[in-house]
């Protein structure tokens, strides 16, 4: 994306503030005209005081300098007041719009598919969000406070200078050409270099975030020095790339300062020669020196503007790349909110592929009736998780249809669909907020009594009550202030509060010890009552009582039946069971069931 297109898009993001933007632009136009009244009036006053020797296009017949001085004061007051008003409203516009864009960006990335987040580091997304919105804020603020007025000033100044004295105006044009050529060359030379610098900034942010997110691993394996050295290496590489860019722009500063000094001297030299020939007045020489000073100031502002756009361009490009990422699924224009569903789930000839070559799910068909528990088993990559992801529309199938209560899930709003589906993940996901806040994710308006009931049913109330702050206890980052079992039981309580007709359990007890697993299983039994439940199972012991088990291989269901039926067939499932020593333990487990029930009752 070219810098011109990039900057145009920056201005287009003003959106609802466009009206104020046009008002500020008009105010800047008035300022651009008013600013040149000062050098013109200054020159005319000098001519009047020196005996009305003006010979240029702006000859004056005013005999007294006082009217000119009064006009100068009036223009000065207008410039001061208008500049203050522009600065005030530009500040407010930039701050309001930065917060609006930041919120919009956050909402956008939260809607992007899990595959996008899997392949993109969260630290990088945070860096892009903060640096991108800060860059937008700086450009908006600079544009309306300085840069636009500077550009308009150049548009006004050069024709005015030609009108007053074209001979002296040529010197100003030469100065503009030097600035333009030099800036263009440096931008062309350093544009790709600055892009590499921003890539290093992203790597630095991602590496630091990665290390901080795994600080326990770093400390336990004595990797602090290694991580610091790695970060220092990235920082050194960043500086090595940044220094040449800074050197080029320092060269621009040196050459432009030299050019401005030479231009002022040239105006005096040419002006004196013209004055001796009667082609200009002392006032016009003074006026053009003021023009040159003002032109230099505006050119430096324009160069600063170009430099700021250039330096911000890679950050903005990265920001827009994220903003342009398209969510995998969206609401259809005619999508409906289904309110509460019953939970009749039907897959009909469903196929889906991530890469368009190898099917992740192929011709999948099955029905889950309300209240049934459907277990999905199979090797990693067999298609279990993909099938469930299609159910709650993380993706849409390339062929086939998924219906709930006879309604195509694609005809439902995403919010309405997902409100009817609860998920208990293998790793309990908690916010760094209070226990109450984490529970209310399931039901935002839940009362304390409802939370207590849900926590009790999920075997979580005891440990909540033991903490000093009870439901106000902070769970810590990713729930690290709680044990694995406590986190999982809170996750189950959250699902109970949500009270969805369809429940997804992603091997919710795989990482727990036996005692904790017993408590969590009791909680799971409670949350599964009366719901259509899908269990993604790796440990076959957890699905012994499932209504039906679907065995996946290469994206297809190769076996289907109850636990005992599949064992009796001596097929793929039976082989999996033997690998997990299930067959030998089946009779023993059946005999021990009453004892387990009694033990569970005692634990609860």
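Here the Cβ of each residue, glycine as well, is placed from N, Cα and C on the backbone.
Predicted, not measured: the structure shown is a model, and the values here were computed from it.
The feature transmembrane segment, as given by Swiss-Prot for the ranges 22-42, 43-63, sits at 22-42. Within its own chain, the transmembrane segment (146-166) is flanked in space by residues 24-25, 28-29, 31-33, 35-36, 40, 56-58, 86, 172-173, 176, 274, 279-280, 284, 287-288, 291, 294-295, 298-299, 301-302, 304-305, which lie at least six positions past its ends and keep a Cβ under 8 Å from the stretch. Outside the transmembrane segment (238-258), and at least 6 residues removed from its termini, the chain residues within Cβ reach (under 8 Å) are 178-179, 182-183, 186, 189-190, 193-194, 196-197, 200-201, 204, 299-300, 303, 307.
Long-range neighbours of the transmembrane segment (22-42) within the same chain, counting only residues 6 or more positions beyond its ends whose Cβ lies under 8 Å from a Cβ of the stretch, are 58, 68-69, 71-72, 75-76, 78-79, 82-83, 85-86, 89-90, 93, 144, 148-149, 152-153, 155-157, 160, 164, 283, 286-287, 290-291, 294. Averaged over the domain 'ABC transporter' (345-579), the predicted model reaches a pLDDT of 82. Under 8 Å from some Cβ of the transmembrane segment (168-188) lie the Cβ atoms of residues 3, 154, 157-158, 161-162, 248-249, 251-252, 255-256, 259-260, 263, 266-267, 270-271, 274, 280, 284-285, 288, 291-292, 295-296, 299, 302-303, 306, 310, all in the same chain and six or more residues away from its ends.
Of all Cβ atoms in the shown protein chains, 14 besides its own fall within 10 Å of the Cβ of residue 381 (ATP binding site). Taking the Cβ of residue 385 (ATP binding site) as centre and 10 Å as the limit, one finds 17 other Cβ atoms among all the protein chains shown.
Highlighted in sequence order, 386, 552 have their Cβ within 8 Å of the centre of the Cβ atoms of 378, 379, 380, 381, 382, 383, 384, 385, the residues recorded for ATP, and are not part of that set.
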